[in-house]
C-alpha cells in the first residue's frame, strides 16, 4: 500500500491542477491593477531599501512570488511603509516549488532551503542596514521556516518578522519557527485548511490567503517600526551615557590639574 502522504499528494495534485488557471487569471488581473506580478527580484536587481521582503511561493505557483499571497503581501507592505522603502524578492533558483517535495521530512528539499537561505545572506551582505522580513505560503512556508533556522546569528538578528500562510509544518513546529522569537512570527491557518493539520490534502480554504495580505503586512510593518524605535532608543541611551562619561572625565581632568597630575 502506498504511504498515506503519497495518496494525499496525488489527490492534491488534481486539486491544484484544477485551481491553477483560476489563480493565474486572478494574478494577471491583480498585476494589471496594482503592479506586482508573480516575479519580483528587487533585491537581486535593484538598490538597497530600508526593508527587504523575502517570500517563498507555494507548490506549482508561477514565478518566484506566486499568485495567491506573495504579490498582495508585497504591495500592502509597500503601501504601509512606502514603495520607495521596500524591496520584494521571491525565492527562485533551486526552489522549483514542485509537489513531491512536500512529502519529504522537512516538507521541502535541501536545495530549496539553501536557495532561501542564500537570499537572506545576500540581503545581509549586499544591504547590511536593511531590515529583513519574510513570508512563505504552503511549501514556501516550510522553505522559510527551515531556512531561518539555519541562518547565522548575525543574519537571523536582521530578520525582524516572518509570516507563514497555510503552514505545512504547523503541527511539527508548534506554530512557530524553532530557535527564532515566537512573537516575531505570525501563522495564518484558515479554518478548514487541512494542510495546517499535517496532511497534504488541499481544500478550497488553502487558496484563500490573499485576504490576509493587509493584516500580514501590518504585522511586518509593526515589527520593522518597533525595531527602529528600539534602535533609536538604544542610540539615545548610548549618547546620554557618553555625554555623562564626558562630563565625569572633564571633572576628573580638572582635579588632576589641581593636584599636579596624579
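Placed from the backbone N, Cα and C atoms, the Cβ positions cover glycine too.
Keep in mind that this is a model prediction, so the values were computed, not measured.
Noted in Swiss-Prot for the protein shown:
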type     : residues : note
ACT_SITE : 138      : active site, nucleophile
ACT_SITE : 193      : active site
ACT_SITE : 206      : active site, proton donor/acceptor
DISULFID : 48-127   : disulfide bond
DISULFID : 74-88    : disulfide bond
DISULFID : 189-196  : disulfide bond
REGION   : 228-262  : region 'Disordered'
SIGNAL   : 1-19     : signal peptide
SITE     : 59       : site 'Transition state stabilizer'
SITE     : 139      : site 'Transition state stabilizer'
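When the alpha carbons of residue 127 (disulfide bond) and residue 138 (active site, nucleophile) are compared, the span between them is 28 angstrom. If you check the recorded positions 48, 59, 74, 88, 196 against residue 139 (site 'Transition state stabilizer'), the ones with a Cα inside 10 Å of its Cα are 59.
When the recorded positions 59, 74, 88, 196, 206 are screened for a C-alpha within 10 angstroms of the C-alpha of residue 138 (active site, nucleophile), the residues that qualify, in sequence order, are 59, 196, 206. For the pair residue 196 (disulfide bond) and the residue listed as 'active site, proton donor/acceptor', the C-alpha distance works out to 9 angstrom. Classification of residue 127 (disulfide bond) by DSSP places it in coil, neither helical nor stranded.
Shown are the recorded positions 59, 138, 139; the one with the most C-beta atoms within 10 angstroms of its own C-beta is 138. Proximity note: of the listed recorded positions (59, 88, 189, 193), 189, 193 have a CA within 10 Å of the CA of the residue listed as 'active site, proton donor/acceptor', given in sequence order.
Ranked by CA distance from residue 74 (disulfide bond), the recorded positions 48, 59, 189, 193 have 48 at the top as the closest. Here residue 189 (disulfide bond) comes close to 166, 167, 170, 196: these same-chain residues lie at least six apart in sequence, with C-beta atoms under 8 angstroms from its C-beta. The local packing around the residue listed as 'active site, proton donor/acceptor', expressed as other Cβ atoms within 10 Å of its Cβ over all shown chains, amounts to 25.
All protein chains considered, the CB of residue 196 (disulfide bond) has 24 other CB atoms within 10 Å.
Considering only the recorded positions 48, 59, 88, the residue whose Cα is spatially closest to the Cα of the residue listed as 'active site' is 59.
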